[in-house]
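Record features, source Swiss-Prot:
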- ASP13: active site, proton acceptor (ACT_SITE)
- HIS41: active site, proton donor (ACT_SITE)
- 12-18, 40-42, ARG305, 331-333, 413-415: GTP binding site (BINDING)
- ASP13, GLY40: Mg(2+) binding site (BINDING)
- ASP13, GLU14, GLY15, LYS16, ASN38, ALA39, GLY40, HIS41, THR129, ARG143, GLN224, THR239, ARG303: IMP binding site (BINDING)
- VAL299, THR300, THR301, GLY302, ARG303, ARG304, ARG305: substrate binding site (BINDING)
Amino acid sequence: MPAIVLIGAQWGDEGKGKATDLLGGRVQWVVRYQGGNNAGHTVVLPSGENFALHLIPSGVLTPGVTNVIGNGVVIDPGVLLSELKGLEDRGVDTSKLLISADAHLLMPYHVAIDKVTERYMGSKKIGTTGRGIGPCYQDKVARMGIRVADVLDTDQLAHKVEAALEFKNQVLVKIYNRKALDPDQVVESLLEQAEGFRHRIADARLLLNNALEAGETVLLEGSQGTLLDVDHGTYPYVTSSNPTAGGAAVGSGIGPTRIRTVLGILKAYTTRVGSGPFPTELFDESGEYLSKTGGEFGVTTGRRRRCGWFDAVIARYATRVNGITDYFLTKLDVLSSLETVPVCVGYEIDGKRTSEMPMTQSDLCRAKPVYEELPGWWEDISAAREFDDLPAKARDYVLRLEEIAGAPVSCIGVGPGRDQTIVRRDILQERA
């Protein structure tokens, strides 16, 4: 069986956890391939139980599925252990969670530098979560990072931490006037934490490719979204990794020819957290309505999300840069009771109209949305389970979004629960 990539097609928070949870019972492996605990997935089980996950793949909530934290993820050991304990305390079996030996570990000095840098930047700050994700990826690229496998060799670990702190302490003390970190204490603390996860360390590349050879299905789960990709997003207001489909192969060790389906998760309106351009952002009662009705607060940060109407320009862009084959449209139910629903079909920049993503961020910052008004619907759609159960105007909205986004809408979310989903096309069956 081929691998399936699940990606966010906007600025994150599209509902990827719901999609993974829906597919989880029909796949054998779920892999998180990038990011860290700077993002969160919310999963609501049929029982009504609500789980917020930050590092661990959403498939952990589906019995029998093997979950992998891939080499592209940066792992805060303390957060990992805390999340595991939280799941186990609620009766979740975590025995089938594995961690790639090549994933990088987020160290105390990454968090310290991230926080003081953000404060130092003041009004020029990017708006990071302050969890050390960026500094950890910086060390990875600079070839001075600490990898999961390093905890298996105490001498090697001590040498690497000491070398890293020779520089990091200079930054903390001389630039930011903070206390230096003691290498021995950092190593001792990490080794204590490693006792809680060393039995999970694995050669993930080998296991995943063996699974595909054996005919098993692997779901590659991204965090954040396309417009937060360090290469293809609204730079510099982005994350430090590649949430796009191209990052799935790199962050998991699965070759790109193994991937057949790219499922884009697309919210029926648009949100983003933090700073950066957002052409359809609303500052009126409509924005307040979307925020309140959609419960738009970050799983990880608790920050209120900025809200706006659906933006077909970024949806088409996401389709193109990810090679999206299918869309999962979420939170359609939030739009119920609106008289009309505007949809952005293009931008006007300096008097010129375009239907494509601007090449420069300065152009995107000046972009004014060009709207197409679609009729709304008043009916409660949360109990709909077939496409024909939806009101005609809701169906028309979906079909129009499908047309302007450039890929078929195969699934539709009409509520937070796993069962509150309309499946128009069976992605696993048709792509097998």
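All positions are counted from 1 along the displayed chain.
Quick reminder: no glycine exception, Cβ is built from N, Cα and C everywhere.
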Recorded positions ASP13, GLY302, ARG303, ARG305 vs LEU332 (GTP binding site), shortest C-alpha separation belongs to ASP13
Reading the DSSP string in three states, the entry for THR42 (GTP binding site) is strand
GLY302 (substrate binding site) and GLY40 (Mg(2+) binding site), compared by Cα position, are separated in whole Å by 10
ASN38 (IMP binding site) and GLY12 (GTP binding site), compared by Cα position, are separated in whole Å by 11
Taking only the CA atoms, the spacing between the residue listed as 'active site, proton acceptor' and ARG305 (substrate binding site), expressed in whole angstrom, is 9
Fewest neighbouring Cβ atoms within 10 Å among the binding-site residues LYS18, ARG303, ARG305 goes to ARG303
Comparing local Cβ density (other Cβ atoms within 10 Å) for the binding-site residues GLY12, GLY15, GLY40, GLY302 points to GLY12
Rounded Cα distance in angstrom between VAL414 (GTP binding site) and ARG305 (substrate binding site) is 20
ARG303 (IMP binding site) sits from THR42 (GTP binding site) (Cα to Cα, rounded, in Å) at a distance of 15
Rounded Cα distance, in Å, between GLY15 (GTP binding site) and GLY40 (Mg(2+) binding site) is 10
Reading the DSSP string in three states, the entry for LEU332 (GTP binding site) is helix
Counting across all protein chains, other CB atoms within 10 angstroms of the CB of ASN38 (IMP binding site) number 28
